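Peer 1: One structure, pasted below without further comment.
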Amino acid sequence: MELQAARACFALLWGCALAAAAAAQGKEVVLLDFAAAGGELGWLTHPYGKGWDLMQNIMNDMPIYMYSVCNVMSGDQDNWLRTNWVYRGEAERIFIELKFTVRDCNSFPGGASSCKETFNLYYAESDLDYGTNFQKRLFTKIDTIAPDEITVSSDFEARHVKLNVEERSVGPLTRKGFYLAFQDIGACVALLSVRVYYKKCPELLQGLAHFPETIAGSDAPSLATVAGTCVDHAVVPPGGEEPRMHCAVDGEWLVPIGQCLCQAGYEKVEDACQACSPGFFKFEASESPCLECPEHTLPSPEGATSCECEEGFFRAPQDPASMPCTRPPSAPHYLTAVGMGAKVELRWTPPQDSGGREDIVYSVTCEQCWPESGECGPCEASVRYSEPPHGLTRTSVTVSDLEPHMNYTFTVEARNGVSGLVTSRSFRTASVSINQTEPPKVRLEGRSTTSLSVSWSIPPPQQSRVWKYEVTYRKKGDSNSYNVRRTEGFSVTLDDLAPDTTYLVQVQALTQEGQGAGSKVHEFQTLSPEGSGNLAVIGGVAVGVVLLLVLAGVGFFIHRRRKNQRARQSPEDVYFSKSEQLKPLKTYVDPHTYEDPNQAVLKFTTEIHPSCVTRQKVIGAGEFGEVYKGMLKTSSGKKEVPVAIKTLKAGYTEKQRVDFLGEAGIMGQFSHHNIIRLEGVISKYKPMMIITEYMENGALDKFLREKDGEFSVLQLVGMLRGIAAGMKYLANMNYVHRDLAARNILVNSNLVCKVSDFGLSRVLEDDPEATYTTSGGKIPIRWTAPEAISYRKFTSASDVWSFGIVMWEVMTYGERPYWELSNHEVMKAINDGFRLPTPMDCPSAIYQLMMQCWQQERARRPKFADIVSILDKLIRAPDSLKTLADFDPRVSIRLPSTSGSEGVPFRTVSEWLESIKMQQYTEHFMAAGYTAIEKVVQMTNDDIKRIGVRLPGHQKRIAYSLLGLKDQVNTVGIPI
């Protein structure tokens, strides 16, 4: 009776917890639902009439059914409950959800020694329905079902039954149908719900691709690849991948690959491609919306891929379809020709109508006419231009070597990118008459061993315009020196010449208008005296001896002077006593040496009016204030260029103002392709601003972290070469940067790297208390050479050390040098001889160069000129970059890839992925079934690719980290 009461009590209390089931992910297709059948299924019990029993209860005026069994007082129970035959259909893997309660064995008298608290779940596949024919041997055990919670006596008293929900899956199934069976071996169980279903990945529209409803696969670790179909008017972009997604076993879509884009003439509207409206166009398959037809185009029809130009307007072949149609420019404005002796200077102003383009160039042609005959012809071959006469961008040119008494006509044509599409020309002409004298006709009148007498003549009509003649002469073969004599007559004697020597002589008339045409260059030779052969030998020997004595004296003087200089230098200065100091290079001038910093700003920078500058958005914050992206009007006012704008914050101190202007005074002295370019300053208005060129990709360290693994080794070495070239330029100007790091390198859209940030304070040189402090914060210990940290000795050699750290940052895609070590630990490690290990996939030659930069003795480090030369050789011979340096992932990936903060293995996969900065792949690992560290350490390289890690750099980072992870797991004894 007590057992019957227990079963009845279960029937009354089971519904209190039934509503706790969670919705399954994906789409579920139900094959069997006991609770929904309302007791009409009529399952088979064995033995019949014993064990399992169908019970009914009324709850909320609705009948509720369950199968229960509670033969706990009798031993050797073997009670079976079998479902009806279930048709499998298209299912490959089925999921079985059970809701049940189990009573605590201790709630029965004497503890019921034969009582159990579990039951077994079985299944059997078959192609036929066997009806009531029940054979145990056909069934295969799925699992022993144990409750998470059991119902104890106090739960009965409180009318609270603890409901358990368990789910199991079976697959792959191959027969037409199947049975489920439940075996009781002596428990008090109430089976409230049995739901059997399989999962599908639902129909999906994503990335303009349609993915059909797909049955989830039967193999849990694998993902079923499903090809998508582009929607109407969408295509796979050239070079792109066909759209694919992966259907996981739980019915979830994972790992999307590829995409579709709306074709030319169509734009994306929600999940479809819609034709461009009239007046709009789209010229290629892309994610961009349709664009409005630009200026000077005709209205386009619906779905247009381009907009036709209006009559008289054109589009050059290289012009994008989004650019307005343009036309050839008008003629140059205000052409003038000013004669200056045998030269003419042509000047003009730009066309009043540029045609809507900025690529205006000019061509100059010349025609000469003889006054006597009136004949004219081209004269390009006989005149000389100050620069090539075609493709000029300036608005002036000088034409020389013009002939006297000749009329010249010069034509200046303006052209732009569409001028070649029309036959008409836009030009202006100017004529000028040359009244310059004819070249003098020179002849030799006499000569001796030490002199030459020459005379000349010009036509009588021109003699009245000449006020003097200029005679230029020099030894043949000597291009370094010459002599000039001026005279009012028509002859001259050149004295004090060397015997038996050939001289080059030219005569030129000087008029009020300037120099006239020069005569031909004549060769005249002095006479050889008697015995000139012996004298020449003796003279040559004497001259040679004298020269040797002079050179010896000069060499001795230089040696003594250098020796004295070295004696005055400290041992640390040996590096700077190289010959490069003797080169006549431009030298950097420290703006802080000026009593008034405004003087340095005026000398080295360009003042810009605030009206020429527009601030658009904040892109960062510097030491002195905010940094903006903005636009700067060019001097012509017709064009704007993007710039970066540093501002001086309100409430600045006088020292901050001096430092702010000092940085501008430094930048203004530099002009190099790999140094950030200063456009100008605003120092006369508030807020004060420093305007530099705009670098689209920002700081190098952040850029590399965002593009991890996307560049080839050759591209990375090219970036390093650019940085080294900029530093070579600074070193040649005797400028020491002191803060060279990837964060202070800016990258433009063409991947050109430029050195920036010249604001590091000078306090280090003057204040012995400021060992680790600048006006902007701490000294960058991780990038700074040991001698600079210890003795505040900043030199070009310490910049070379910093460049080695930058090389390491670039090759590791922006990793933090020395990882999480403290500054004190970094300094100690360096002094103990530790150097950063080789990065992953780093060429041996590059790592060797890093190690040279990190020589403890700074005199042994290479100069930047040497570094540029080495990198140039590597770039010219890419095969030399294929030999990789030895790589130990246990040292080189120092991110905590094998242990957590307490030195123990990671508890979760997501925690491990986050530690190696690969957390973006967490869902990929989870979807593929790698939910625990024990499973992850068994992965192969193919497994990493299969879950959707596509970038080679990311694949290697994960693979190398797994090596260390396996070692750690094996060390602590976690079973795998």
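In case you wondered, yes, glycine gets a Cβ from its N, Cα and C as well.
Bear in mind that the values here come from a model prediction, so they are computed numbers and not experimental data.
Take a look at what Swiss-Prot says about it:
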- D739: active site, proton acceptor (ACT_SITE)
- C70-C188: disulfide bond (DISULFID)
- C105-C115: disulfide bond (DISULFID)
- 438-529: domain 'Fibronectin type-III 2' (DOMAIN)
- N407: N-linked glycosylation site (CARBOHYD)
- N435: N-linked glycosylation site (CARBOHYD)
- 559-976: topological domain 'Cytoplasmic' (TOPO_DOM)
- 538-558: transmembrane segment (TRANSMEM)
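Each of these features: where is it, how hidden is it, and who are its neighbours?
Peer 2: Its own atom aside, the Cβ of D739 (active site, proton acceptor) has 22 Cβ atoms within 10 angstroms in the protein chains shown. According to DSSP, D739 (active site, proton acceptor) is assigned to coil rather than to any helix or strand.
All protein chains considered, the CB of C70 (disulfide bond) has 23 other CB atoms within 10 Å.
According to DSSP, C105 (disulfide bond) is assigned to a helical segment.
Classification of N407 (N-linked glycosylation site) by DSSP places it within a strand. Summarising the environment of N407 (N-linked glycosylation site), the number of other Cβ atoms within 10 Å of its Cβ, over all protein chains shown, is 15.
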Peer 1: Say you check the Cα of C105 (disulfide bond) against those of the recorded positions C70, C188, N407, D739; which is nearest?
Peer 2: C188
Peer 1: So if I measure Cβ to Cβ from C115 (disulfide bond) and keep only same-chain residues at least 6 apart in sequence, which ones fall under 8 Å?
Peer 2: V72, M73, C105, F108, G186, A187, C188
Peer 1: Across all the protein chains here, work out how many other Cβ atoms are within 10 Å of the Cβ of C105 (disulfide bond).
Peer 2: 18
Peer 1: Please list the DSSP helix, strand and coil residue counts for the domain 'Fibronectin type-III 2' (438-529).
Peer 2: 4 helix, 51 strand, 37 coil
Peer 1: Give me the Cα-Cα distance between C70 (disulfide bond) and D739 (active site, proton acceptor), rounded to a whole Å.
Peer 2: 80
Peer 1: Across all chains shown, how many C-beta atoms besides its own are within 10 angstroms of the C-beta of C188 (disulfide bond)?
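Peer 2: 27, counting other Cβ atoms within 10 Å of C188 (disulfide bond).
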Peer 1: Restricting attention to the domain 'Fibronectin type-III 2' (438-529), give the mean pLDDT.
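Peer 2: Mean model confidence (pLDDT) across the domain 'Fibronectin type-III 2' (438-529) is 85.
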Peer 1: From the Cα of N407 (N-linked glycosylation site) across to the Cα of D739 (active site, proton acceptor), what is the distance in angstrom?
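Peer 2: Between the Cα atoms of D739 (active site, proton acceptor) and N407 (N-linked glycosylation site), the distance comes to 63 Å.
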